[in-house]
Every structure is written in structure tokens, then in C-alpha cells.
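Below is one structure, written out as C-alpha cells; comments come after it.
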Amino acid sequence: MTSHFAVFGHPIAHSLSPRIHAAYARANDIDLEYRAIDAAPEHFKDQLASFHRDGGAGANVTLPLKLQAYGYCTELSAAAQRAGTVNTLRRSAGGWSGHNTDGAGLIRDLTERHSLDLRDRRTLLLGAGGAARGVLWPLLDSGLRELVICNRTAETADRLADSVGDPARVHTRYWDDLAQQGSFDLIINATSAGHGDGAFSLPFSLIGARATCYDLSYGNAARSFIAWARAANAAQALDGLGMLVEQAAESFEFWHGVRPETEAVYAQLRASFLSDAAD
Ligand code: ATR
């Protein structure tokens, strides 16, 4: 029997998730339908309820609905509790179980696809919104030496750092003072600047000798940060396409109990992005 899955977001038309989950399902012989549902925040609750009534077994949730989804869960995984947001929902008898696979997806992309050892890295996290919260704890678990959080609105960064309660390892700096902070081994862009017209202008002095720069977004949204990292001669400048396929694999496992192979799907998407860029 076909089971029904979806990704909710607003906008959602360009989501790659239906394509990724269809490929994982084919490779694992699982019969499912996975579609994209555009849900404005004020309609999300009703649309989710109607998705459930029509047999929906699980869903991904993306911008701007992750915090709302957290509020609709009757059960939360440890990752979701720590992130305070949910990107994966699974229906059980008692309601929706919420999980957050973003952080695990990022770590898998960095450590397995790109073979990075994160231990002992001095790390800069740009942004303190939902995306930053989703990756903060898994990054800390991976053994970073120091995590500096920097956000355009300093108070939000302070609140995020305070929520960790490890001032020796996690602290904040003002955006305007970044030029005085020395260099970093890992710089993560978790801002949504690339989704608007926010061009990146950061001091090149942030880039350490082995620095990896990583944008949680991909495609056009990552372009400005990646261009900055390349201009600053970063050892690696990576977008979040790998994180996207890995977080999807984590969600797939949460629903189906099977961990899909991600490499073929990643290679296909990467190739289609490169050909888009050539158009
Ligand atoms: P998301 O779920 O994508 O994280 P969010 O919770 O709205 O979305 O957070 C957006 C983040 O990007 C915030 O940290 C925001 O900074 P503010 O807290 O100051 O708003 C950051 N951001 C958005 N546009 C930015 C820009 N042009 N330059 C720097 N940071 C920006």
C-alpha cells in the first residue's frame, strides 16, 4: 500500500525533497508518494490536520514553519528538543512525533562526505535564528574547541549562547568587531542573508590556514558567501547541498527504519546544479 509523505513550506515550489525521497524510496523498494505542499503560516495547522486525515504518515517541514511544527508535536526527539525546532514529523496514534535532522545532516556531510575532523576546530557560527539553532548542538557534540556565535542582532546571539551554558567554549562577538577576532578553522553561514539581497562582506582575516567555509543554503542563496570564501582563499568553500541530502536520509530512516545510500542522489543533484549554472 502506498504511504503518503510531504514537505510543507512557504514557498515550496522549488524544493528538491520530493525528488530526493522518491530516489531513496526507489532504491529501497518502498512504495510511497511524497509531495510538496505550500502552506502559509496561518494555514499550516489546518493543512497538516487535513494531510493526516487523508492518510499522511510523515512530513518534512521547512521555512518558515519549523518552529510552528515544534508546537504541534505530542512527542519530541532529543535533537528536536535541543534545537527547539522540528523539520521532520511522524504520525503515531498519539499525534505527531517531532525530530530535527538538520544538525545530523550537516555533521554527516562535513565528516563523511568531506572527511573533515571537527575536533579542536575554532569555529564561527554566523546567525542565531532557527537554522543556527538546528546545527548548534550537533556541532558542539562533534568536539569543536571553541564556538563563537555572531549575529547581526547581538541579543539573539547572546540568548543562544546562554542557552548552551558553556561560556568557556561558546561565546558571542559583535558583527562589527569580527576583524579583531583572529582566524577560524570552520566558518558556518546560518544566516538567511543569501535569500534576500544581503551580499556578504566579512573580513578576510577570519579565514585560517585550513579554513572550511560552509553555507547551510545551496544554489543562489549560497552564492554570495561562497564567493566571499573563495575570494579569501579558504581551503574549502562548501554549500549545503550535501547537508540537504543527508538530512533527508536521516528523515527517511526516522520514517522507514532504513538508512538510504546518499551518494548517487548527491552526485545527480550536484550535476544538475552545475548544468543550471552553465545555462
Ligand atoms: P532561519 O530559520 O533561516 O535561521 P530566522 O530564524 O529568521 O531564519 O533567522 C535568520 C538569521 O539570519 C538571523 O540570525 C538573522 O539575523 P537577525 O537576528 O539580526 O535578524 C540573519 N540575517 C538575515 N539577514 C541578514 C543579513 N542581511 N545580514 C546578516 N544576517 C542576516
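Glycine is treated like the rest: Cβ placed from N, Cα and C.
Database features (TrEMBL):
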DOMAIN    7-89  domain 'Shikimate dehydrogenase substrate binding N-terminal'
BINDING   SER15, LEU16, SER17, THR62, ASN87, ASP102, TYR218, GLN247  shikimate binding site
ACT_SITE  LYS66  active site, proton acceptor
DOMAIN    113-194  domain 'Quinate/shikimate 5-dehydrogenase/glutamyl-tRNA reductase'
BINDING   GLY127, ALA128, GLY129, GLY130, ALA131, LEU216, GLY240  NADP(+) binding site
DOMAIN    240-270  domain 'SDH C-terminal'
Handout entry: DSSP helix/strand/coil residue counts for the domain 'SDH C-terminal' (240-270)
Key = 24 helix, 0 strand, 7 coil
Practice task
Identify all same-chain residues not among SER15, LEU16, SER17, THR62, ASN87, ASP102, TYR218, GLN247 whose C-beta atom falls within 8 angstroms of the centroid of the shikimate site's C-beta atoms; report them in sequence order.
Solution key: VAL7, ASN60, LEU244, ALA248
Handout entry: For GLY240 (NADP(+) binding site), nearby residues of its own chain (Cβ under 8 Å, 6 or more apart in sequence)
Key = LEU106, ASP109, TYR214, ASP215, LEU216, SER217, TYR218, ALA222
Handout entry: Winner by Cβ contact number (other Cβ atoms within 10 Å) across the binding-site residues LEU16, ALA128
Key = ALA128
Handout entry: Span of GLY127, ALA128, GLY129, GLY130, ALA131, LEU216, GLY240 around NADP(+) - largest C-alpha separation, Å
Key = 17
Practice task
Taking a cut-off of under 6 Å between Cβ and any atom of ligand 1, tell me which of the binding-site residues SER15, LEU16, THR62, ASP102, TYR218, GLY240 pass.
Solution key: none
Practice task
Find the longest CA to CA distance in the recorded shikimate-binding set SER15, LEU16, SER17, THR62, ASN87, ASP102, TYR218, GLN247; express it in Å as a whole number.
Solution key: 17
Completion exercise
CB neighbours within 10 A of SER15 (shikimate binding site), counting all protein chains shown, number 19
Practice task
Please list, for the domain 'Shikimate dehydrogenase substrate binding N-terminal' (7-89), how many residues fall into helix, strand and coil according to DSSP.
Solution key: 36 helix, 22 strand, 25 coil
Problem - Mean per-residue pLDDT computed across the domain 'Shikimate dehydrogenase substrate binding N-terminal' (7-89) - result: 97
